[in-house]
Each structure stands twice: as C-alpha cells, then as structure tokens.
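Structure, as structure tokens:
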Amino acid sequence: MLRKGEWVWVDSDIGVPIGARVKETPSGQHFLVDDEGKEQKLSLEQEASLRIMHPTSVEGVDDMIKLGDMTEAGLLRNLLLRHKQGLIYTYTGSVLVAVNPYKDYPIYSNDQVRLYQGRKLGELPPHIFAIAESCYFNMTRHLRNQCCIISGESGAGKTESTKLILQYLAAVSGELSEQQIEKQILESNPILEAFGNAKTIRNDNSSRFGKYLEIFFNKDGVIEGARVEQYLLEKSRVCHQALEERNYHIFYCMLAGITAEEKKNLSLGNAKEYKFLTKGDCILCEGRDDAKDYDRIHSALKILTFSEKQHQKILKLLAAILHLGNVSFEATTENNLETSDVSTSKHFSVAASLLEVPKSSLATSLTHRSFMTNKERVTKPLSSEQASDCRDALVKAIYNKLFIWIATKINSVIYKKLTNNPKKSYLSIGLLDIFGFENFEINSFEQLCINFANEKLQQFFVSHIFKLEQEEYLKEDIVWNNIKFSDNQSILDLLAGKPCNLLALIDEESHFPKGSDSTLLQKVNVQHKGSKVYIPSKSEHDTDFGICHFAGAVHYNSNGFLEKNRDAVSYDIIKMVDISTNELLHQIFENELSNNGPKMANNRKVIMTPKSSLRVPNHKLISDQPSFLPTLSGQFRQSLDSLMKALSACQPFFIRCFKPNNDKQSELFDRELCMRQLRYSGMMDTVRIRKLGYPVQHTFKDFLNRYRVLLNTTICNPKTKTAAACCEAICKATIEGKDEWKIGRNKIFLKDSHDAVLERLRETELSRVAVVIQRVMMMRKDRESFLRKRRAAVVLQKHWRAHRAQQSVIQSSYRVTFYSTSDINSVFTVKKMSGQEEETSFDPSELQEAIPRAWATPSPSLDEDEDEDENEFDDENDEFSFYKFSILHFQDADHKHITQRLKKSLLTHDDEADELACLTISWIILRFMEDIPEPKSADVLSQASSTMSRLVPQKQGRRLSNLVGLDQKILRRNKKKSESGNRKASTILEEPDNLTEDEDIMIGEGPTLYRQLSQLEKLHIIVGYAMSRPGIRDEIYCQICKQLVNNHNRRSRRLGWTLLSVCLGIFPPTNLFLKCLENFISKGLRDYKEYCSNRLYRVIANGERKELPCWVELQAAKSKAPIDASVTLMDGRSVDLPLESASTSAEVCQAVADQLGLKDTYGFSLYISLYEKMWSLNSCEKHVLDAVSQCEQEMRRQNKEEKDAPWRLSIRKEMFAPWHDCSLDPVSTDLIYRQVIKGIKNGEYMTDKEDECIQLAAMHYYIQFGSEYDRENVQSVVEECIPTHLIENKSMTKWIQLISSPLLQGPYARETQGRERVKGQLVEMARQKWTLDFSRFFEVTMMSGQSTYNVYDVSSENYVSAQHMTLTTFRGEFVLRSGEARSMAAVMEENVEGLRQRSVYALAQEAIKSDDPMFLVCKRGDLLLVDKDESSHDRDWIRARNERTGDSGAVYKRMIEYLPTLTKPTDAMLELLSPSQKKPFAPVNTLQEEETVAPVSLKEFAFEYFRSAGKDAGRPKGTGKEKLWASSREPLKQPLLKSLVRKSDLNHMACSYMGDYPIKQMRSPMELTDLIFGPATQHKELQDEIYCQIMKQMTSNNNRLSMERGWQLLWMCTGLFPPSDNLMGHAQRFVESRRRDLLAAGCLQRLLEIHRKLPPHLAEVEAIQQNVMNIFHKVHFPNEKSDIFEVASTITIKDLCYSITSNLKLSSAEGYGLYLKTPTKVGSDYENRYFFDCLRQITSVPKKGKKVKEGSPANISTKVIFKRKLWFNVSPGKDIIADLTFHFPQEVPKYLHGFHNCTKENMITLGGLLFRAQVDSDRSQFVMIPRMLKGLVPADQLKIMVPEEWKKHIISSYNKQSGMTVQEAKITFLRTVSSWPAFGCDFYEVKQTCERSYPNPLWIGINKQGVSLIDPTSKELLVMHQFNRIIEYYSKGNSFTMTIGTLVRGNSFVCETSQADQMEDLIRSYVSMYERQIQDFRPRNAVNQLLFI
C-alpha cells in the first residue's frame, strides 16, 4: 500500500512517466497530484501497479550518474526540478548539461571566478566555470591541448556559454599576465557577434556562422594569443529574412549609434527605410540596445587596432549594402529579349558614390551578364528578376568578404605574438561555438551544411564517449558488457561518407553547365531512395527531400541549392570592383582580383573536387582542361575535416546546451522538447556509461608518480613491487566500494569522481608532509639554538669554576710545577652517556688533591740550559707572569711545552675560522721549533686523512683547507699598486697557477702545507695568519711562549726565541698580553732579552708591518745582528746604514741626511729598486723591510731564491716645497743637480725643445769647468747630459757646435756669476720645467665632486679616514678614496700650512671699525699686506696695509686669515677667496678596513656545470686547454654553461666593459650594461651565465682597472637578479673570499631574491663608476617641500613609501603612493615594482618624433612625488603631519577648481579659513583680498558676488575665527570638506559619447565609495558605481573603458582623457585595497557560505 506523501511514477501523454505525489482525502481515499499540478483518482488496481520513485529523483541531484532511477523519466525530472530551483547546470560525470534560463543569474561575478579557481571538478556545485577550470588545470598539469565542445540547438545558449568560458580563462590568466591580449580577445566577441549574429525566431542572438576560438597559453598558464576560425556565414540573411527575424545586428546598431553628421555623410536614415532590414517585419529586438551596442563595437574596434579611417570605410560598405537593397529594376524588352534598367533613385547614386564606382559601370554590372564562348566573351542582358538576383549576389559577396576581412584583421592582432615566435611552443584551449541543429518550416542549403556539421560533432561525441572508451576496455582486458548507443554513422555516410554521397552529388551537378536543382533532386532520389535515413520526394514535381538526422527528420527545399553551392562571384562584379577606387573594397576582393581579374589572359576556372566525388578525372586530362572553382560545400567540408582533426588532437570537454522551451520564457519547462533533446543528444546512454564505466585512465607509471605520496611503502614497496601492484595498493587504501576501479594490462581505470578524490587526498598528504618537514626543521633550529646557549653556559660555568679554583689555590699558597696534562685532563673530562652530555661536578678541594697527583713526577730532561730559570715563568705571585696569564685566560691547557698539536686553541675565539687557524698555527710552530718532524712526501695523503678525521670526525668530506682556515684566509693580499707599481706580496702560500683541470688537488693540500717547508715558509704562514687575523696575534705569542716554557731542547728553544724575535719585529701583541709578554722576555735567555725587548718597543713605536718577514730578517734574528744596508746617492756615493725590522723610510732618510750634512730634507725620499724597476718609499712611516719582502716575493714568483734578491736603496728628490730656495742648503742643491743631469741622460726628464737641452748642457759645463772653453770637456758634457737618441739624431760634432756657441758668446763666457748660483738656477729651471716629474702621486678614486677642476686654493677643512679624504676647496668639495689617504692629507696639510707661515698676504675675516687711529679700518674680504717682524710673534696684533685703501695700521691676528700663497693673489682669486664664498664643511663616513679573505674561484662549479674545455679554434697555438673559470683576454666563442651552448654569447660585451678585450666601436658604459644585462633580465636562463662570465674575468686577473670594472659589473648584477640555487653558494664564497675590496660587502648583501625587469638605470651606472654605493633621490611633497631619501638598487616603490612615511613619522603608510612625473606623463602603477625599473621605464621613451643620439639615454627629467593616493581612514585632526603635509595641500586645489557642490555660506567660511592659512593674524592683508580671491573661492563661483562683497564676507568669517592658528585653520578646513560626499575624490574631466543621457564633457570622481559620474554644470551626481559592480576596467592610450554588471550582462562606459592610465591605476589600487580587507576579515569557511541564487 502507498503511504501519504510518497512519490511515484505515472504515465503521461508525452510518452515518458512523470512524477506524482500521493495525497489522501479526509475519507482516506488516495489520489495523485503530478508535477504539473493535475489531480487524478487512484484505484486499488492502479495503486498496486505504480512504481515508487527513488529518493534521488524526489529532490534531484547535481550529477545525474547519482540517480537511482536510471531512466529517461529520471533524467527529465531531475532537470525539471533543478530548473525550478534556478539551478541551470547539472553534471553527467564530466559532461555539463546547461539549460538556458532565459534570464540573468548573479552567478558569474569575479567572486565566483575566484571561488572555482584551483578547485577540482565536483568539489563545488555544477558550474560552467568548473569546466573552464578543468580545461585550464588539465592543460597545465598534463601539458596537453584541451578543447571544449559546446553543442545544442539554436537558442540553447551556446554563444553565451562560450563567452563565459572565455571570460573565465581571461580572468584567471589576467592575474598572471602583464599584457593586454586578454582584453583584445574578449573584445573580438562583440565585433564578430555584431557582424555574424542575428535575431531568429528561436534566439535573439543566434550565431549565423561557426566559430572555433583557439586560445594559446605559455608554460606559466598566461594567455599569449588566440586565433579565430570562422565557418559558413549565412550570406542570404543580408538579403532575405524570415518573419519575426532580423538582419545582422551591425546594421541596426550602425543606424542607431552613428552621429547625425555620419548619417548625413552616408545618406542614411532610419531602419524602416531599408528593404534589407524590413523583410522580416522586425526592427527592434527586445532586450537589446542597439545604440549602446554600437558604442561597444566602436570601442572594441579601437582596442583591436582598427583605425578610425578603417572604421569609416566599414560603415561606407555597410551603408552601400543598405542603399543597394533599395535599388529596383524596371523590366523592358529589346530585340525580343527581356532586359532591365535600374530605376531612378537617390539610393543608386549614393550606393555608386559609396562604392566609389561610376554609376554606369555599376548599372551595367547589375543588369548584364557576360560569359565566355569558345572564342570570345559574350554579354547578355538580364531580366528585372535576374538583375535583382545579381544585386543580391553583389551584396552577399561584399558582406561575406567584409566579414572574412574583419576576422582576418582580428587574427592579425590577437595572433601576432605567436606569428612572431613560430618556433616557440604553446599550449591551447579550443572553444567551439558552432551553429546549432536547425529545423525550420523551409530549410535550404545552409541548413543542410549546418546540420551536417552538427552530425560530425555528434559523431565526435559518440566516438569519444562510447566507441573509444569501450574499445579501450576490451584492449586492456577489462570485464565489460558493451552499452548500446545511438550511432549516427549511417547519416554521415549518406551525407559525405559513401561514394555518390549527397554532397558529392551536389558538387557534381554544380559543375555541369546545364545542371539544375530539379536534375540534382532526381539524381539524389534515384541514388539514395533505398536508404533508411533518406526521405525521397513525394512526387516528381515536389522539390523537397528529407533526412532522418540524429535530432529528428528535416525536410529540405532543393530550390537554389546549386546556385548557393557554386558561390561564384560573376566576372562583371569583379570587373566593377576592379575599377572602383574604394580601398577597402579592393582589399576584401584581393584574391578574386589577383586570380580571376579581367587582366588575366585566360579566364579558366578552378574546381575543388571532393575525395568522394563521382567524377575522378584522369591526371593527364587535368592539364588540358580548364580547372574548376571551389564549391561552397567543398570548402566547408575541408574546413570541417580540419576542425575535427584539431579536436581529435585535444582532450575534449563537452557542454550540452538545452532549451527549456521554444518561446524564450524563463519559467517554462517544455517536457516534450527537453525529452527530445535528451534523446538525440544521447544523454541517457552517456549517463549509463559514465555511471558504469571508468572514464579516468592513467598508465601505471604516471599514476604512481603522481600519487606515490598516498602509498604505504610498508605494505607495497615500489623498489621491490611492480608499478601495477603499487597502483592497486593505492586504490585499495583510498577508494572504497566494489568495482570502483579496474586494473588493466598497462593502465588503471577509475570512476569520474575518483580523480577529484585522489587529488584532494594527495594535497592533504602533501600538506601533512610539509608540516612534518617544517616541524623537524623548526625543531632542529631550536635545538641548535638550545645547544649553542648551553655551550655558552658551560663556558661561563667553566670560567667561574676556574676562577674559584684559582682563588682556592692562592689561598692555600700551594705551588706546583706542571709537567703533564694527561691527569688533569681527566679531572675536566666531559663524559658522554647515552648520547646526552653531562658535566661532572667540580669542587676546589678536588683540584687541590688532583694537582699534586697529576704533576708530582717531572718529565726527563733532554738537555739542560743554565741560561734560563724555568721556575721564573711559574711565579704565581707575579701579577704579569705567564703562568698566571694561563690560569686566567687559557681554555683547557697549561702554560708549558708540549710535543703534540693543540686540539683546541689556548685562548677563546668567537670566530670559528680563528679557532681553526690557531690549530694550524700550532702545527707550524711545532714544526718551526722542530718539536715534531716534517711530513714526508709519501705520508702526505695518509697524514692529511688522519688529521681530518682527528679534528673533525663527523665531517669526513670536508676540505682540509677548510679545517686549517685557508678557504677563509687570503692566499694573496691583492693590495692595489702604489704610484710606482709595487704590489702586496703573499701572506700565505697560494695555489700554483700552472695547475690544470685534470690535477685533482685541493687548496691547502699537496702543494701547500702537507709537504716539507723551509723555515722561511713556516715563518710566512705564522706571520701571514697574524697579519690577516689580528684577533689571533695574542694566541700566536702564547703558543710560542708555551713552547719555550719547560723546553729542555736547546735547539728548539733557540728556534723558539728566534721565532719570537721575528714576530716582535712584525706585529705587536694586544694590551691584554703586552705586560705579560714584556715580563716573559725579561726572564728569557740572556742574549735575547735586550734584543727582543728592543724589537717590541720599536714595533709599538713604528707600528705593525704590512708585509711578511724577509729572508735577511730571519738571518739577522738568528744572529741578533742588525741588517747592513747601503744607500746610494745621486752623485755616485753610498752611505752604509744598519736596518732592523721596524726601520722606516723616514728614519733612513734622516740618518743619511745626518751623515751628509743635509739640512733641507723636504721632498727627499727613499727609493728601492729591483732590476730595472724602482719605486718610492717616501720619507714617512713605511717600513723599509716591507719593500725588501716584496722584492724577495718577486724572486720567489720567478722561482729564484729569496736570498738572491738584488734589491738596492737610494735617496732621491721626489718633490719640491712651494717655498724651495736653493741658496739655503748647497748639499741639497748639489744632490738635486746630480739627479737632474742623470735623469736627463736616462730620459727620465724629457724636453722637446732643443734650446732647453743646449741651455742645460751649457749650465752643466759652466758648473763643472767654469768659463774656460775646452772641446773635449764639451764632448764629455754632451755624453753626460744629452740623451742618446738625440745624439744619434744629430752627430756628436753638431751637438758640440750647438753647446759651444753659448759657452763662447753667452753669459757663461766669463765667470760673472758663481757656479753654485748657476747650479741653483739649473735646479730651479728643472723645478719649473718638470713639475709632474717632481711630484708625489697618489692613486685615488673620486667618490663625489666635479669630474674636472682646478684647485686655486686648498682650505684647511680636510677630513681624513682610513681610506677616504674630503678635500674642500673654493671650487667645490671632493671626496677621494685612496689606500694612502692619510699620507696624501699630510702632504697637503704640510704644504698649505708651510705657505701660510711664509705668506705676507691675509684676508680680513670681518669688518674692522675702530676710533683708535692706530688700528686699521677695513671691510670683510679686504686683502692685507702683513708686516711680519720678530716682535710680532709675542703680540696678539700685527701691522698690515690695506691693499684696497692703501692705509696701514694694526689688526688683531684673530680677525685675519693668512693666504697660502707667496705671490699676490689676482682679483679673480680674491673673489673666490672671499669669506662669503666658502662652503660649509661636510664630513664623509669613515670606511673601516676589512680583513682579507681567501680568493675562491669557480673551479669546483665549472667541473659540473661548465661545458667541456678544449682548445678553441681562435686560441693561439701552444696555449693548451683553456681554464674556463679563470680570466682570459680572448673572447668566448660559446657560452660557459652547458645548458646555453649554441644559444648565447655575452662574454664579448662583459670583457669590453672591464677593458679586457678591445671593441671596434666605442660604446658608452650605459650601452654596454644594457647589452650585458638587458637579455638576462628578460630570460632567466641567461642570468647564471652573466654571473659566471663576470666572476671568470675576476679570477687570476692582475689588471687593476679590469678588476675594478669587474666589481662594478658584479655589483650591478647582484642588484638585478640572484644566481640560481646551484650557483648561489659558489657566488657567496667567491665574494666572501675578497672582502677587502670596497664593493665586496655591498655585493654580498645584495645577493637577495630580487628580480628586476630592466637593466641598470643611468644613475646606478654613473654612481658605481665612482664606486659610490649609496644613491639618493629627491622626493617632493604636496606642500611644495622636498627631502632627500636613499634609494638602493633593490628597493621597491612600496619599500620606499614605507621609508618615507617612517621618516616623516606618519601614523600609517597605507593609502600613500609614489608618482613619477615627466613633462609628458605621470605614472603611479608601480607599488610592487623596483624603483629604478620604474624610473628607467618612464624616462627611457623619448618624445614622439624626436631622435635620441645613439649611445646616450634620453635626457628626460623625472620628478618623484609622494602624496595621498587612497583616501580611506582619513579623519582630519587624527594625524596632524599628514593633514598639513598631504591632505590640506591636496584638497585645496580641488576645492578652488570648483569640483565640490557647496553652498555660499560654506564658501564664505572656507574663504576665511584659507585667508587665515595664508596670512595668519596679519590684518593688514585685508586690502589684498580682492587680488587673492582665486586662492580663496572656487573659480566657477567668483562672479556670484563682486570682489568687494567677497571681501566683506571673508573678513567677517575671518573675525569669527579669531584666535585660531594657521594649523587649526587648515584642520578646520579639512573637517568641513570631509563631510562632503566628494571628499578625497580624484577628479577627471573626460569626453564621452557612449551614454546619450550623460553630458559631454563629464566629470569622473574616484574615491573610496566608487566611481562617480558628475554633471560639470550642476555638479550633481548622475550615478555612482561601487567597485564590486565594476567587472572590468582598462585604458589604452587616451581611452578608458569600464564595464559595470556581470561577466554575462555588462554595460560598458567609454571615455577619452589624457589621464586614462591614472584612472585605471587608481581604480585598481582601491579594488586591491578592498580585496585585501576582505581577505583579512573573511572567515575560513567562507567558501561554504557562498550559495547560488
């Protein structure tokens, strides 16, 4: 029995059961109420026969494979229920069924796009966005092309579905894209719809053509382009429409949308006036606004780059078509033939004018037809009916060709990028929107082609869903019962498959001259009358035939079939087009004009013969017979075959569109219509196979690779089990239920829903694993932190306990002697138990017990030494004893001699590298003192291995060089060459340069430490570490002292004291150990006490050395004797002097001067020479033996012995003092004279003038021989002072004659002047002549200041740091960088101060007025001539004469400043020297000198990633293999990296910038950096190559200039992009190992994850060329103030904004923006971009029409402005700084412009406030109010009152505000304006024509509320669009487009303004702000809260 409320199935009149519900009467009688609301009685018999409805059919399901009632009735009712609920989408597995709702639903918003983005099919309710997302996801996941086939009847919603998918893909791609291609693709839709869609009976927007849109994506999923293929436009619609149908939309849109002027030009009227638009008796289409649509079409044409000229040409052709439609023909008779003439009308004339052809030609082409006979062309007149057909043919041809041209033009835009990159591969998603199945009352040839296309698509669906899937089951041995399905193959065979098919017969008959529609029908009936799917004609006179299509039987009228199929344009029309001057008409008929034009000699036709044609002509006959024109069906079939081939290559998705009714009613569901669609679409069979089948298929390998994370390896291990077994294990663990999956031979088969389930489980598991990894890493980090802190605590405990123990020992006065460490170590041993570290408890009493036990027995003595008392070192009462120092500071060791390497440093070191270096030093010290033997060559590897395992047992793979610290230390200290070319020598042995790639020797092994070393090499290693790491110097001294205490080996002790004495001459200890060391030395060996003490005091006095100790130094230390040296003089004499380690050049110079009696020592310097090379040591604090060490190192580099270095010392005059006087010191003058004569001879001092040589020679003769002439003496003079090359140019005799002349006749003929005087004259002449040669040179880099300058005077304001000096002159300030900055400053100070002391010229620093006549009256800046007498030194005043007035008197010394000059300054100089001209002193930052670290190369990286090295073809013979990681002067022939071989060659430009390789064409640094870095910023794969090439050129490069430029390149590179993960570590070590370079630290810091888009900006290039790393830029504010901010290469606009807001102390950085302004543009859309990228982009584009000189960047000034951009959370008074700096100055101009709608009272109040803001409380300014009105009152309101009346009201308002400050006035102004609705708006004045109800021009205001449209006249708000209603907005040029609504129904607003890009940026910023807020406040389950309406 049925129960009340149950649902059952009941029969209906449509042949399918419908649902009904059981109800009960009060009497208990059951009755039914069906789905249509009808009641019917229910008998007991009927009740028993009813079938109960499954619960899934009662409520409905979102996926029809879930239905329990798997029947047609179940499917139909499910669609009915969802239709009633407004749910238009339903799944059938992965097939989407879409029911046209005939109304708008709000389910296509941007929120919905974001909701479905990234979601799997089935996770959310059915939606077309889910299908689009699946297409996109599968494309990116499987890297396979996708397609979406949208099918259904006309009016089912295919076109709208296509647009929705396209809009979804554009939205998803647009988030990743920075281009406009998505907008262009979207805008192609309205154009194609306008020209290809029309209103039909069943559809208001029916596609009358087929369209396949293929969208191309790059590998990142970003749209790169698209291509449109169009099929079979319905041309006949242009001329004929059925009732209630319209022509194509474009005609109606054009007439409604064009301006009156355009209508006049085209002679157009209303749509009712044109026959082509009224044949369907339907002008208007409900729901369409033709005028608005025209505006959108016009906008779309602009976006797709149609020019306005092309747009007007299109309108001309469309207008011509309409006018031709109104042309009629009059029938006439001529020669018994029916003829016709064109009826007289203005339409014909206008049409001829628009087509730009003569009216006679147009008339002839319409009324006559010409054809070819055997010999000639014959013209035949046409009847009026035939003429009308000819006119229609012309119109159809023009419109069809125009449509094709438009589609081609669209493709040229949206497919352009892909055309330009043909080799690049893209992925694609195809969208097929093709005409639906059609069955009208009268069906013609077009309907046959359309339905044929639908049959092909149905077959594709059937094949994919049923045939291929079931074949795959059989192939894979899946147990399967085949499902029967409706197959339409027989229909396709009839139409185009079998021989003599229908389309072949139509083609065949079209080729017969006498073929007609009736003969065609007869042949078809005869051929196919036996077919089950063919319906023949009923009678001979019947013109219809029928075909039983998959969607039902359709009857076709054969009339016109052949004419339409021929699709030929007549010769007469082509001839008429050819003579036309209409450019567009020629373009669209281009093919016909070129192939069939009248100029062709033979007018043969070409035919396209289908494969199945009845006629298969013999190939031999083809050449002899005329060819045939292609038929329409042939073209269509070929296009369709191409389409099917493309679809077959893609993974398809299907959308089946259904019509709920034929009346386009939103609430009506026609069961019968829907049932028919369900049946012919095969949905029933689809549901069955989707429910029972396994549509998701994966190969075992692919499935395992993707879902391996779900595999439990304990159950199934993939290493031991097959892939199939693993796949099965995964399915068993994740998929429940029987037969839910199947295992085939090679594949695994799953249900449709399981793919999403597996993906969800995979993501969950990956997330879980990621959390585990994060947890472990965080645990490890925290564990390491804990252990680090615990170790620190242990150290503190250890020191505290040691301190307590020491105190305990001291208190007990217990003295012990330390002999062994083995027992005491046991006391401090840290035990390891069960992996946990535990420290034993410690008590001082235990120490007292352990010490006697451990050290009671002394070690046996090897050799006693009576010179040293060991106990003296153990004096615990001595405050500075070494023993006490060891107790206080040593870690775990005593202070006595050992014979094993230290395992731990003596002192504590924070730096791990210092700790490791100490261990290496311990080893070398033991070897130097011979406490351990030298390693033998055979034991090298084993000893290295044992050492590694002993020191770091847990890091077996670590380099030995890392253990000893060599990777962190310098191998060569590359100090820059001094002025004479000397360079720093090695501090530690470096890796030999001759190692090849094949020699697998690591740095620090084999050729370095693990070999037998000489004593000098050991000394170099020890001292080298001390010099490079000052922090371990005390450690070195402690280790040496430790080895000397209790050392009973005499030789070892001697060597130890020798080592100690050498070290004492090189570097001093720190203050910590100084007193202890002094004490230690005082207790040492007797013969070393005084020697070592003296060296210690000397090194402290003269400073530490800069170079390694030399061989002679070591020998002297052994003998404790001074180093004998000889200093050569210029006169050939030499002076013997003793040298020692601390001797400086100043000391040597002074010692020589003392022996010679030299008084004027200024400028004399000590020089050292090696072979032919000589350089100056100056007379300063430079150590002489440092230079000697450099000479010895040079010998070592030449593989010679250091002891053989032939260095020599000499004294020379290096520079003159400005006040030099030769008469003061004859010894000095004589030395300089000898130097000059010798220098002239050697070519050191050169002159180009012969007279000067003669004069110098004559003076030399006079000095040597007096006035007595002797030819032999003259010859000797020539030989002594005339350069050899000059003697060779002229003979000796000639020179003797030239010099003899002045000797015999000149001033030297008689001894009228003394020889000493002449000698002084010669020296003075040399001083004046060779000023540069007598100069001291300092190599500097100018960090700031002018590039060229003349220093007239140097002030005393010089700021000096370790490496920098600020030179302040009266011409500017210069910051100079030099390694000898202090020496340079000292020379300058000495010269300036010396001149001041000797000067008698002074400037008055202030005006002096006095009533005392004794004092001089002068003005500030007057030049005074000072009278310096001896008594003036004791007075505070001095006598002087005013050079301006001539008066003399006394002046106070404090009021004048001596000028550093010996001559009277000129007027120009006095103007510069005026006190008012002096610039303030600006110090610079001191740069600290950094440690030198070991130079690491890319050798290790090169082995793995560089291409194989070989002999380059371009390399010289004999050079061997190239070392790819080392610098080369040869350009690379191919890239370094393997991955780029044959792809790039950038090394040439890199080397050109560094100066390593000459370039043919001079290029600026900016051009070179663009060439180097430009491609790499665009192509990531080139970035590592750039890094490698730069670092390669910086390896083993001895060219200083090249290295400097290399660092500059590397600095720029690190600021553009980072190296890859593979290269990052190597790059970091490369830079770290060169820390001493100025740019190294900056490069290391910049190795960040940054990705610049453009090469360096000019400012960056110019700055780094000066080695300046800090760049500053001026930022302007709205209050007309500005400030300077630092802008690093890596700073983004957002970061800079935060920096500015922080500097200004604003309360928040939100809402502010940075604007870059040039004379032509303002840009602000840069928030997340890098500052210099934005600056480069906005300044790199020159003004249009102006050429920029090649090699120089466009010189465009850029103003950076920081101001309020987004006006949210702005409350006046909340942030005073923001109000005064930004809000007030930004709002006042808007108010004064008149943008606000305010009352008169408001204007008066605000006028008073603005007046107060300008004048404060100055009431005297009242009279100026009339002149100030423009700054007080809105511009458009000035005339509402006269100025005096305004003045009166403003004064009244001002008085009411009495007592208010300027700041309060500004805040009050803001508070008033903030209450207005337009507060915070950015206003734009635009021109618009898209909305006729809006004024033109129009104001647009954008603020936090949205986008407001404002009437400029009334200032009333017309409409305000909130941001959530704006679905799209963009700008292009001066055009701004904004779409309001949804993705489906959007109204576009288009306007023109020069600020279009600023509007787009501002809207985007507001939208982004709101999206961030929504994201921040959205609850986690927000997705589940979104419901469909």
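The backbone N, Cα and C atoms fix where each Cβ goes, and this holds for glycine too.
No curator has checked TrEMBL annotations; they are predicted automatically.
Features as listed in TrEMBL:
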BINDING   Gly152, Glu153, Ser154, Gly155, Ala156, Gly157, Lys158, Thr159  ATP binding site
COMPBIAS  862-873  compositional bias 'Acidic residues'
DOMAIN    59-763  domain 'Myosin motor'
DOMAIN    897-1118  domain 'MyTH4'
DOMAIN    1123-1466  domain 'FERM'
DOMAIN    1527-1665  domain 'MyTH4'
DOMAIN    1671-1974  domain 'FERM'
REGION    640-662  region 'Actin-binding'
Would you kindly check 1123-1466, 1527-1665, 1671-1974 and say which stretch has the most C-beta pairs under 8 angstroms to the domain 'Myosin motor' (59-763)? 1671-1974
I need the most crowded of these binding-site residues: Ser154, Thr159. Count other C-beta atoms within 10 angstroms of each C-beta and give me the top one. Thr159
Neighbours of Gly152, Glu153, Ser154, Gly155, Ala156, Gly157, Lys158, Thr159 excl. site residues, C-beta within 8 Å of centre, ATP: Asn100, Asn203, Ser206, Gly436, Cys657, Lys659
DSSP residue counts for the domain 'MyTH4' (1527-1665), split into helix, strand and coil: 81 helix, 1 strand, 57 coil
If you count the other CB atoms within 10 A of the CB of Gly155 (ATP binding site), including all protein chains displayed, you should get 22
Starting from the Cβ of Ala156 (ATP binding site), draw a 10 Å sphere and report how many other Cβ atoms land inside it. 25
Averaged over the domain 'Myosin motor' (59-763), what pLDDT does the predicted model reach? 82
Taking helix as H, G and I and strand as E and B in DSSP, count the residues of the region 'Actin-binding' (640-662) in helix, strand and coil. 9 helix, 8 strand, 6 coil
For Lys158 (ATP binding site), just count the other CB atoms lying within 10 A of its CB, please. 28
Proximal but sequence-remote residues of the same chain as Glu153 (ATP binding site) (Cβ under 8 Å, at least 6 apart): Arg202, Gly436, Phe437, Glu438, Ala551, Cys657, Lys659, Gln677
Cβ proximity for Gly157 (ATP binding site), under 8 A, sequence spacing 6+, ordered by residue number, returns Ala98, Asn100, Cys657, Lys659
